[in-house]
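Read the structure below first, then the notes.
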Amino acid sequence: MSTSQPSQQQNPEQVVNDIRQKIEKERKIIQGFNDVKRNTNNPEVIQKWKSKIIESQSMIDYYQETMNKLTRQMQRLNTNSSSRTASRSSVISEYKPSYSNFDLIKYECPSLGNKIQFMLQYLEFKLQVENKYSEANKKLSHLYLMDGDKSSSNAAEGGRAESDQRIQLLEKALKKYQKFSINDHEFDRDYEIMDSTKHSRKLLTGRLTVSITCIRDVDHIATALAKKRETVVVIKVDDLEKARTKPSKNDNWNEEMVIDVDKSHEIELAVMDKQNGIYVPVAVNWFSLFDLAEEIRKKKVAKDQGSSGWLPAANLPQTGGSGAGTGSSMTGGASYGATSPLPAHNDLRPSVSPSSDAKENKVSVSTWLSLEPGGQMLINLNFEKSITNGKQFRGPLGRHGAIRQKKEEVFEKHGHQFVQKQFYNIMSCALCGEFLRYTGYQCQDCKFLCHKKCYQKVVTKCISKSGSDYDAAQLNHRIPHRFEPITNHGTKWCCHCGYILPWGKKNVRKCTECGVMCHAQCTHLVPDFCGMSLQMANEILATIESTKVSPKKAQHQQSHAKPLPPKPPIESKPSMDSEETLHNEPSYKSLRPASVVHQDTNFVSKLPTTVQNKYQEPVELPPQQQNQVVPSTRRRGHGSTDLSFETGYGQQQHQHHRDVPQIVVEDHQHYNSNDNRDVEMEESKDEFDNFDYNNKYTENEILTDVQQDQVRSPFADQIQGVPETSHAKQQNQQVQQVQQQEELGHQRTHSSGKSGKSKRRKRKVGLDDFQFLAVLGKGNFGKVMLAESRHTSKLCAIKVLKKDFIVENDEAESVKSEKRVFLTANKEMHPFLLNLHCCFQTENRIYFVMEYISGGDLMWHIQKNRFTAKRAKFYACEVLLGLKYFHDNGIVYRDLKLDNILLTTKGHIKIGDYGLCKEDMWHKSTTSTFCGTPEFMAPEIVAGKAYDRSVDWWAFGVLLFQMLLCQSPFKGDDEDDIFNAIENDEVKYPINLSRQTVLVLQALLTKDPSQRLGSGPKDAEEIMEHPYFHDVNFDDVLNCRIPAPYIPEVQSEHDYSNFDKEFTSETPRLTPVETVLTSEMQEQFRGFSHISDNATI
């Protein structure tokens, strides 16, 4: 049976004639069924013929609709070429179905064309699987028989017999749908099967309730008239029988079966007749647990919004051109003067308990399911998912922590960056061609997929790497494939990415020489091995490598034959952090003058990094030089420069506003000039034996006016603790030269005549300087506590993160990025961004000391009282300006939500929590980290695609929706429900919401990021120019000239009553940490400590 056909196709006239013949055939079938029905009194036969007549009539309707569409297309194709092109695109795009797989297995299917395409592909896949089962059981039976194990051989033979029976059913069903199919690729495009989302194949755990009422129109096994047949329905979960009904002789049951499923995927319903004491399958169908859960979720959403007048934006009268809302106060679009409450909604019930709400929202699916090859089953289904992480999303607004995808272990091979991935559908290994279930190794760059055992055998280099990057073994076999479009009418897998190929011709290519098939987007990734499989290429290369000696091995033998002179110490490669920083550097260099860039790059090439110093052998120095090495902190403070370990931050400070004065917290080892020289050298070898975790000797050096204007070098703390040789002195001189050039090119001139030898005021910074008063909040990544400075009695909020958690999750660079974002916010003292006082570290934790905002967060306030339109718009304007500042500085926020927006005592907002911010994100820059809070994540993040800074505007739309309507636009019981709602659901709005409000929400919540409001080069200005904000003077907003619509109640400076009691009721203490970090782990936090210029603590 052919599974693909050449690209040649019938002309439209031939297709129309074929359709007419099919219509005439179905009409004759209906006539024959009517004749048989008149000549019999058997109720079963009459019912069966009625169903056949209904089925044939639906086929006639489908053929008639298809023929009319093709006729209209032919009429348009007869026009001139330009209009023909336009009409073709319009014909193809005029029908875009959006049906789930569960919709397609229903008897009353909403789209017969989609069902035909889906069942053709699905049945062929099932047929391939059953054929493999049959072959495997046949081999097992033979092997057991050879070993004399007759019982095991009979069991395997029974499995083979059942597989053969299923194969007969599948072949019969496949022929039925092939007969219905229309062989024209233009309609394949119309009825293309939807791509499953990345969450649609997850294994689910929960309780499945199945209630089978009856079956009908099933072709039972013929039996003697005196002997009634016995029929049962068997329910299998992932090919394992879990339940079966009692035998029935009239196809009726009234049984309810409850099945506990654990990490399962597929449910099978098989109707079986008893024949010679053995039950034989006569009809079968399958559905995914996820598809059932998605069907139930959609019913819950429809139940919540159906009775309260919520409609999609396209169906609302005010967006269709009428312009007027229901209420006069809402027609203008929520101006600052609008104080009317927003439309109520039946979902806002603050007193409903989760248990009672769950009982009320219990929804089941009752429907007729189609059986293959024929028949229907009336069934009632319910599935209650187990919420393993305890996060409930349904109901009123609540707090939900952010998530971040854990960095995966990377396995490199010829430039491929292989990571282990989970797949919940059948995949194909691109190397050996065998099926791959559940897990496989996929390249992060080119998406090459293979088994874990096969990734070491990959012979081709990753297409994303240049040819000189990796020394991959080469074959002289260089014959390119000849890929051409092909119409796929079967189940085939891509020879590169391993995914199943779609039905039709739109996205499928086949080599006309060797026959391999792939997606259209994968053709340039397939290696030029036409006529040779990758497995064969691997075997040839292995043979070649085993018969020759590599050049490296020959050099190794020569080096052992002749002694070599001693070599100088070899510097190791830069750390990954340094490489990443240097890799990102060009986008910043465009902001620098050319001369400064030249100086910096020269300096980078000469100055060793901390990782290099860590592996260098100790340098033996003469006694005089050793005496000079011991730096007292006083001499060091004036004569040398404190160099930062965080090269990324240092570079960023040189690139943006270098004239910002900074207070430097030294994080180096404390030395005593009177110590013994041998002890000094021992300390320099292992500086972390007595690391200054508690910042006992950390000094805050407040510089004089002239010294404060000096910009901190981009390489602070990299050479601390290393003996200062003459070469180091020369490097320090170079640093000073760079600084002088930067001062001339970038800093403001100061008329200061003060001496550089002025004394400095010093103070200690550490955990003992603060007293914890209360817990303000907790998240997935840390805890925030209210603290009081013991020196100034000022209040501050301290974010505490455990080092072992940071190391375990590879978040050290993220923490450094968060610090840099804080400094960016401090740079202009933006009124709507949270500012940083200082940050420091202890042996087991790091601390961000931030300004304390006593008004609480917006989540706490919206749970107490609904926001008026005026208040919601006021907060939205200030949030908009805060995000604009971030975007103007190349930062995407990625965690916008009510929990992260704080309210000051004057009623203005402050955006806080910069843990998920991403730097170097300018217009058209993209990233792909899966992170954020589920309800606020943009569709492109959920789909695992690369995304840009417009994800913040999607989150801004969700935030505005929540503030205006006091609920989320996307609902579900857990994260997977939320993700699928974000990808698939259409946002609904109250019918009396104003026109401009609906339009701005619709523009922000556009699933296509390229069409989303704010996605253009103007960024936030696009949103500011929207008619919804027509009455807003953003200059007044930025300067806080507009009176706040609400002032939070604060009794005293120490009042924290505006924060959630869930947090404030906890005891403010640090839990003991038993983890001991190695010196290598502590190295990741070098240079973290810092005090801002405007710190008031």
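Think of each number as a place in line: the chain as shown, counted from 1.
Backbone N, Cα and C define each Cβ position, glycine as well.
Across all of the domain 'REM-1 1' (2-76), the predicted model scores a mean pLDDT of 73. Look at Swiss-Prot and you will find 2-76 tagged as domain 'REM-1 1'.
According to Swiss-Prot, the domain 'REM-1 2' annotation covers 106-183.
Annotated domain 'C2' per Swiss-Prot: 189-311, in sequence order.
Under the heading region 'Disordered', Swiss-Prot lists 304-359 (among others).
Sequence annotations record features per position, and here Swiss-Prot assigns compositional bias 'Low complexity' to 327-340 (among others).
According to Swiss-Prot, the zinc finger annotation covers 415-462 (among others).
Taken from Swiss-Prot, the feature zinc finger applies to 480-530 (among others), supported by sequence analysis.
Taken from Swiss-Prot, the feature region 'Disordered' applies to 548-594 (among others).
Taken from Swiss-Prot, the feature compositional bias 'Basic and acidic residues' applies to 574-583.
Residues annotated as region 'Disordered' in Swiss-Prot: 615-646 (among others).
As annotated by Swiss-Prot, region 'Disordered' applies to 724-763 (among others).
Taken from Swiss-Prot, the feature compositional bias 'Low complexity' covers 730-741 (among others).
Per Swiss-Prot, the feature compositional bias 'Basic residues' maps to 747-763.
Residues or ranges marked as domain 'Protein kinase' by Swiss-Prot on the basis of sequence analysis: 770-1029.
Here Swiss-Prot flags Asp895 as active site, proton acceptor, drawing on sequence analysis. Sequence-distant neighbours of Asp895 (active site, proton acceptor) (same chain, 6+ apart, CB under 8 A from its CB) are Ala402, Asp913, Gly915, Leu916, Cys917, Cys931, Gly932, Thr933, Phe936, Ala955. Reduced to three states, the DSSP call for Asp895 (active site, proton acceptor) is coil.
Per Swiss-Prot, domain 'AGC-kinase C-terminal' is recorded for 1030-1097.
Remark: secondary structure over the zinc finger (415-462) totals 3 helix, 24 strand, 21 coil, with classes taken from DSSP. Secondary structure of the domain 'REM-1 1' (2-76), assigned with DSSP and counted as helix (H, G, I), strand (E, B) and coil, comes to 61 helix, 2 strand, 12 coil.
Secondary structure counts, DSSP: the domain 'AGC-kinase C-terminal' (1030-1097) has 14 helix, 2 strand, 52 coil.
When DSSP labels each residue, the domain 'C2' (189-311) comes out as 20 helix, 62 strand, 41 coil, counted as helix, strand and coil in that order.
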